Amino acid sequence: MTIQQVLFLLLLWMWLPHPCHTEMLFRRTPDLRPKSFGGRALGNDGKAIHRQKRGWMWNQFFLLEEYTGSDYQYVGKLHSDQDKGDGSLKYILSGDGAGTLFIIDEKTGDIHATRRIDREEKAFYTLRAQAINRRTLRPVEPESEFVIKIHDINDNEPTFPEEIYTASVPEMSVVGTSVVQVTATDADDPSYGNSARIIYSILQGQPYFSVEPETGIIRTALPNMNRENREQYQVVIQAKDMGGQMGGLSGTTTVNITLTDVNDNPPRFPQSTIHLRIPESSPVGTAIGSVKATDADTGKNAEVEYRIIDGDGTDMFDIVTQKDTQEGVITVRKPLDYETRRLYTLKVEAENTHVDPRFYYLGPFKDTIIVKISVEDVDEPPVFSRSSYLFEVHEDIELGTIIGTVMARDPDSASSPIRFSLDRHTDLDRIFNIHSGNGSIYTSKPLDREISQWHNLSVIAAEINNPKDTTRVPVYVRILDVNDNAPQFAVFYDTFVCENARAGQLIQTISAVDKDDPLGGQKFFFSLAAVNPNFTVQDNEDNTARILTRRNGFSRHEISTYLLPVVISDNDYPIQSSTGTLTIRVCACDSRGNMQSCSAEALLLPAGLSTGALVAILLCIIILLVIVVLFAALKRQRKKEPLILSKEDIRDNIVSYNDEGGGEEDTQAFDIGTLRNPAAIEDKKLRRDIIPETLFVPRRTPSAPDNTDVRDFINQRLKEHDSDPSAPPYDSLATYAYEGNDSIAESLSSLESGTTEGDQNYDYLREWGPRFNKLAEMYGGGESDKDTS
């Protein structure tokens, strides 16, 4: 029998289910009674095989994973020596999966697995078994722990962590260069058989790459693989368990391999010669054109540097390498002139900047090209003889004097005549002018250095035949100084002399300034215009002078102010001088010479009352006047307020007229007959005591009968006003002083005298006392005259 046959029978035996009767003795401590709980196994003839009890035991059951039978998978049997077979004992199982994954027959102790078990989920289960008396529920044996270990079968194929790998390797690599390593894993038990032993092989990617069977390292298999020919490769790697033998499970993965670039290709120009054209008027820095060398490499391996290595225009042109486009841009280095030279030839070289020494044998990594540049003729503007002009002139020159001349020419072969002009934006005051034919600049207004020392002009030159083509040149005119200004006092001097001054006392130091700027610097001389008996001038010979007193004592009462003329002259030619007058006030000073008062009127003021105090008093008077005016205005405004003012209650107002009437001859007095005859009221009169805010249309009220009592009439009007929406929002009570019909004293008014035809007797007035005697004489006398007549 061969080894392969033996292995096949062994595997077949492993796959078949086997009853596992295992002796089980539960562990006890040494001080317990002799063991009496054991296992029993059946022999081939079915008879029980007994063995002598021992101090050791089997504590593991073995079970194959992935059971495919229809019945529960038999695991093993537990048996106690105290089990007499009469069903008095009960077997209990606890631990991992007890009651769900593993069940036990309470009477026989047989253990079964209820479903398929996957070792990759869990490799072993720890359980505890115990036998108890079914009637008393007391354990007859102590609880014992055992393990059910799952035997592995090859049921998992190798897997890669990535479905697709990405790797790279430099082109032109030698055979055997490592590219990448791929590793597969197998969930099967690596310690049991060859289920987890993996062997790698290449299914796709030959003959370019190979893989090591044991490690999974992918290596190059062909020399000089060129990226420019092929850049991408796809390799399929297989991982197979069971050591790669037949019947093993396998898994695959894909590896995308990219050849990275190396500098193995030199730059090459597509042609040997190119021709470029440029107008002669192109300014310096103008791009003429570009050249480009192609390189089959990429990235930094394709970077090229351009330079001019030979030719007759190396000093006239430059070439700049553009990094982003890898082009060489040719630019103008110096101004071009068609009339001087019309054709230039350059030799340009392109060279790789990063060269790999390993590939020197492939040839020089550079190339050259001939560049011919033709200069084209254009109508050029005039050209000045200088780039700028500087003219110097004295400020005292006469009008029309030429200060300088600018020159320009036409660079073209036609040599057109030139016309000159001034840019008036640079000469707004039109101080200068220019001769249009010869470019002579002359003055048209007087010059003054003290106003403007420099004049910056711009001269325009244009061809007469083509005025649009112009050229400008700056002209700087410097005005030179002439001594035409006299010196003056530097500042205004406020000079005073004390009344108690002594002869020779310094009262002021003066200085001068001059607008001119002589070459030797400023030098001033000070003197008096005439001899002065009070003051003198002493020149310090440093452009300053001192004013000194010539006598003792000065009086404000006699002379309060002195005028001192001082002559100031310079030292330039022609000499310029001026006279400045100092105003010297006479002031009262203290013992230290500090000024206290300079005004003569100050002597008349009360002692101790200063100017500030007088100003304060004046301000107080003005404030009092303002307060009085405001008070009068407020009082006048209060008189214009409404007659009715609410003091305590803003709703109720009582209006009192206090009108005594003018007697019978007063026809405009209030007639109470109006109350008895409401029809006499034509229009509703407005109140005189308040200003109405809104005017409403008067309402006509029904006339009361002639015999209506005044009280009823007033009540009726009160109801009408209560219901009137135009009435004010407060109550107004008008008192008419009506005493009623049953007054004992009756009415004293003469309102009804015109309505009564009978004579009246006024003798009762005498009985009222001396206060009514006058009335008694007036009315009583009337009746006596009437009776006598």
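Just so it is clear, glycine is given a Cβ too, placed from its N, Cα and C backbone atoms.
The structure displayed is predicted, hence computed values, not measured ones.
For 1-22, the entry in TrEMBL reads signal peptide.
If you look up TrEMBL, you'll see 57-318 marked as domain 'MHD'.
Residues annotated as domain 'Cadherin' in TrEMBL: 80-160 (among others).
For 161-269 (among others), the entry in TrEMBL reads domain 'Cadherin'.
Look at TrEMBL and you will find 270-384 (among others) tagged as domain 'Cadherin'. Looking at the domain 'Cadherin' (270-384) alone, the prediction's average pLDDT is 92.
Under the heading domain 'Cadherin', TrEMBL lists 385-489 (among others).
Residues annotated as domain 'Cadherin' in TrEMBL: 489-603 (among others).
The annotation transmembrane segment is assigned in TrEMBL to 603-634.
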Taking DSSP H, G, I as helix and E, B as strand, the domain 'Cadherin' (489-603) contains 4 helix, 53 strand, 58 coil
Which residue counts does DSSP yield for the domain 'Cadherin' (270-384) in the helix, strand and coil classes, in that order? 10 helix, 56 strand, 49 coil
